[in-house]
Amino acid sequence: MISTPDETDESDGTVRQPTDDGGPTRRAYLGSLGAIATAGATAGCIELATGEGGGDTTEFTAGTFAHEGGHCMDCVSPSPGWAISEALEDRSDGDVQMSLLGENQVCDSSTCGGKAERGIVEAGYGSIGNGTNFWPENNVWLLPYTFPSRAALSYTLFDERIWEQYWVPFAQRYGIVPFYGWTPELRNLLLSPDATEIAGGRVRTPEDLEGIRIRRTASRPPKVALEEWGATAPELSWGDTVQGMDTGVVHGLETWSGVGLAGGMGEVMDQVTLVEFMCGQGVMWASTDWLQGLPADHRELIADVTRELTEEAIQQADEVIDDRVGHDDPPPEGTDYAEQGITVNVLEDDELEAWRERVDPMDNPELYETERERVADLDLDVPTEDFYEYIYEIARESDVPESAADVTVDAWWGEYLDRI
Amino acid sequence: MIELSPELALLLLTLLCAALFVLGVQIFLVFGLWAVGFHALSPGFPVSNVSVLAFSELESFTYVAIPLFVLVGDLINRARISEEIIEFSRACIGWLPGSTGNTSIGCSAVFSAITGSNAATTASVGKALHPVMDREGYDDSYAAATIASGGIVGTVLPPSVLLIVYGVMYGVSVPDMFIAGIVPGIAILIGLVVVNTALSQRHDYGMDSSEFEFQARRVLKTAWEAKVGLGTIVILLGGIYVGLFTPSEAAAVAVFYILLSAVALGKITRLEQVVSATFTSLLLIGVILPIVVVAVAIQQNLSYLGIQDAVSEAILSLGEPWLIILAMMVIMLATGSVLASVPNIALTVPLLTPAAMELGLDPVTWAIIFIISDAIGFITPPYGLNLYIISGITDIDYMEVTYEALPYLAMLIGVWSLFFIFPELNVLA
Amino acid sequence: MTESNAAVSAIDRFLTGARDGDLRTSLERYFEGYVALVLLAVVTVLVFVDVVNRTLRGTQFVWGLEVIEGLFIWITWLSAAFAVRHSSHLRFTLLREQWSARRNYVMYWVEWLLWFVVVGTIFWYSIPELERSVEAGRIVVGTSIPDTLFYLAVPVGTALILLRVLQEIVHVTRRYRSGESISPDASIELEERSFASDAGGADEDVVADDAPAADAADGDAATVDADSGGENR
Ligand code: NA
Ligand code: NA
């Protein structure tokens, strides 16, 4: 849908209906001729972008729901997309042109990934969660408490072993690769004033969720986790969620803070509970056919730029949370949570354990058999018993940096294209 | 052979589609050809996109409200509850000069608050009241113009199918838009009544209005008799405003309510009445939503080609707010006049929204301003749907009705400008 | 009170026909309509039950939203085909009404061609989409319903539209040759015209909205919405 903004997120698939988050910048609003007269006047002076790498130039289109006002590199939910587009143009002297169409102009979170896979656009956004709509194997990344930190998430996702043993077979099956990544986060519970009322104050334990309805996306693991905790978990679009938190249709949602704030949830939130339970990772996916068909120098430049800026986005993860979002109790002055008067529940270790133990895949393997079986179909060649264990172990290696600021991206799609 | 540049091909395609529209080709096909042709001209953006949209654009819970609202309106018709609504409207404003004219305008407001559809309203009010106005000495073209103009109230006054389409396309809260439509909707209603009262007095149209003396008792009595219809409004709008229901849920509840009460009161006695009401509502869905799909495909192509950037930057480059407002108004009047409403919403809104945001409007207020312009397009030639409907019903020449509608048009443009220039007037937005 | 409402009497006749065993006629006229009607009834009940459940018990079907949206896509495309059968697709016929049958007939061919270009394109590219959705094998959460069943609405619905267009080609051509009026009409209402090939020559040709303003007196606002052209509802 054309819609606007916010849809955001993650949501796997569900987010079909865009909605507004009210912010003015929300739509890039390209659009239409509208009147025939206008068409006549402008048709003569536009250049048709063909999206093909003809001759010396490479032009391509990437579609996303994101808007520059909430998702620039200095924003509350950083995406390197606009910076990549600029860097490509600068470093190629204008020979490589990435047209990043945001705000659902050509597709939204539930359709962009599919459109990239089908070659309708060269690249399309979908969080790991959204993408499960088309690529159900990716559910394996969404099992709760797989990643102990934001640093561990990025470290694992873009590790050399994972490229070889997961993204390459994945690309062979679907014809797409992760093209660049957003700043990583972990998912939390964003709750409305109604939730506060029902819980009689702060939500700090799973018991507090009784009688609370939390919007979930279409992917299965978050549904499992929410229900294990005792919440009701209806599926809703992002837009309906904003309205629904206002009217009491739902009392909250699970997502990552940055995307929630960029998507207008701040206005309908009262508190956030930092359960940090699942991967919150925005990804731009690109068609491998298209990448393989590019002139080598352009392809190398695109690989370099996307890698460098993804790394830059990852390295600011902790700063984003501390200085822009405000995950502290009370949230530091100047952060979004402070400005919007939102209560932040930072959990003590024993409190967090109460959330973790009910849904952790290592303690409750039976809950996630579907996801593990699904990924087993890819016949991945890994040294552990199953692929999930493999990523679980990598995420806990001693080499995982303390801080996301120290994560480096050492392996990238450019090196694997010839194996796909 | 001359080689066509893509730009020229695009221009020719656009002209071809305009010609096909004038030649009476179905609007879905006109815009469908434009969409398919656009894709063909941008090889990087393949036409398979349309087949994806044919699914993904329709995947919306909110759209479910459309057939259900229309079904409610149709059941009300078939149960002949609309006659009670006419009597109620007459009791309320029938005592003014131009009694039946005002009744038809008021009736449009009430009726459209039930069906959410202005064209349905125009047709039913026209069939019921045009002959009456004719008998009472109104100029018949003027009577037709009055009904056509009254029919646009429903687009702005909630619930409104076009507000739903706008909300789904641009992610604006439909309940918020419904609330924001109330004040401008009532302002439009009052404006139309003022015009009709003044003109009827001047031309001595209609029966002696003293026949319809205002009596509070009569208002109450007719309101009681129209309780099923009015009760539907309470459920539909009340449930949404209180935050109890989403629009789709309110519509489903209203369907059950109207069925139960109409059957209980003996107003619907045969299954066929329900079946044929549902068929009408299905036909409507089958007409509108495919147009949504192809209109969105065109919008995505325009985005893809970057055409809109040029246009929206040009508007913003005017700098002065009053110049921007003027340019926007000219564009809205022009596109509203030539385009059908759904394509107008899909194609024109993205063009103007950056400027609207620059002017400091919030998305909901802006949505209503745009929808008023879209509604005005129902009585502007060349493509004025309401004029066209009423001219079909009454057999009066299209241009004659258009001419008689000019005073109403002037009033509507006035009300619209007020809400655009002084957006704070819309206190509920 | 005269039941001049043509649409209602069409149903009456249809039901009578069905009772007499003429099921074929009724299926010919209302096939997509009946299927969509059943689906719309299911959707309405689901929405209703869901809202009652939520309000009274605070629970909802986990699969409710997805199923409702999926069925709605079926309803849309079935209804689009239904609207072809009943010549309801919105258009601007001011010029065409004044045209000769011959000119109109030529224009019909342009339209038929366009149906195949536009809807044929959607149909054609919906097949690979369908295959993809089969491969992805997504299941509606909390059920065993494959998502593919919902996507199937696009190829099936567009194919039905093309079938209805073929039917119209035969029908309009027959009417044109026998000198009957073929002026296009875009009222959104049921048409009574029989398309049955064995109707024995002359079709009935009663167009539902033939008698507009006249019935106003008896309050027949019913089919009304019909002409409404509805795009704007
Ligand atoms: Na309305
Ligand atoms: Na118009």
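Note: Cβ is positioned from N, Cα and C throughout, glycine not excepted.
Unlike curated records, TrEMBL annotations are generated automatically.
Under the heading transmembrane segment, TrEMBL lists B:12-40, B:60-77, B:142-166, B:178-199, B:224-244, B:250-269, B:281-302, B:322-352, B:364-385, B:405-422. Sequence annotations record features per position, and here TrEMBL assigns domain 'TRAP C4-dicarboxylate transport system permease DctM subunit' to B:17-425.
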- Message: Counting Cβ pairs closer than 8 Å, which of B:224-244, B:250-269, B:281-302, B:364-385, B:405-422 has the most of them with the transmembrane segment (B:60-77)?
- Response: B:250-269
- Task: Six or more residues out from either end of the transmembrane segment (B:322-352), which same-chain residues have a Cβ under 8 Å from its Cβ atoms?
- Result: 27, 31, 155, 162, 165-166, 169-170, 288, 291-292, 295-296, 298-299, 302-303, 308, 311-312, 315-316, 358-359, 370, 373-374, 376-378, 380-385, 413, 417, 420-421
- Any contact, the transmembrane segment (B:178-199) to the transmembrane segment (B:281-302), with at least 3 Cβ pairs under 8 A: no
- Message: Please report, as numbers and ranges, the same-chain residues at least 6 past the borders of the transmembrane segment (B:224-244) whose CB is under 8 Å from any CB of it.
- Response: 69, 72, 76, 79, 81-82, 84-85, 87-88, 110, 113-114, 158-159, 175, 178-179, 250-251, 253-254, 257-258, 261-262, 265, 267
- Task: Restricting attention to the domain 'TRAP C4-dicarboxylate transport system permease DctM subunit' (B:17-425), give the mean pLDDT.
- Result: 88
- Task: Six or more residues out from either end of the transmembrane segment (B:142-166), which same-chain residues have a Cβ under 8 Å from its Cβ atoms?
- Result: 62-63, 65-66, 69-70, 101, 104-105, 107-109, 111-113, 115-119, 121-122, 125-126, 129-130, 133-134, 172, 174, 177-179, 181-182, 184-186, 188-189, 192, 196, 199, 203, 205, 236-237, 240, 247, 250-251, 288, 292, 341-342, 345, 349, 367-368, 370-372, 374-376, 378-379, 384, 386-387, 389-391, 394, 396, 401-405, 408-409, 412
- Query: List, by number or range, the same-chain residues at least 6 past the transmembrane segment (B:12-40) whose CB is under 8 A from its CB atoms?
  - Reply: 4, 46-47, 49-50, 287, 290-291, 294-295, 297-298, 301-302, 305, 340, 343, 382-383
- Query: Short question: which residues 6 or more past the ends of the transmembrane segment (B:364-385) have a Cβ under 8 Å from it?
  - Reply: 21-22, 118-119, 122, 145, 148-149, 151-152, 155-156, 160, 162-163, 166-167, 170, 172-173, 176-177, 180-181, 184, 188, 329, 332-333, 335-341, 344-345, 348-349, 352-353, 356-357, 398-399, 402, 405, 408-409, 412-413, 415-416, 419-420, 423, 426, 429
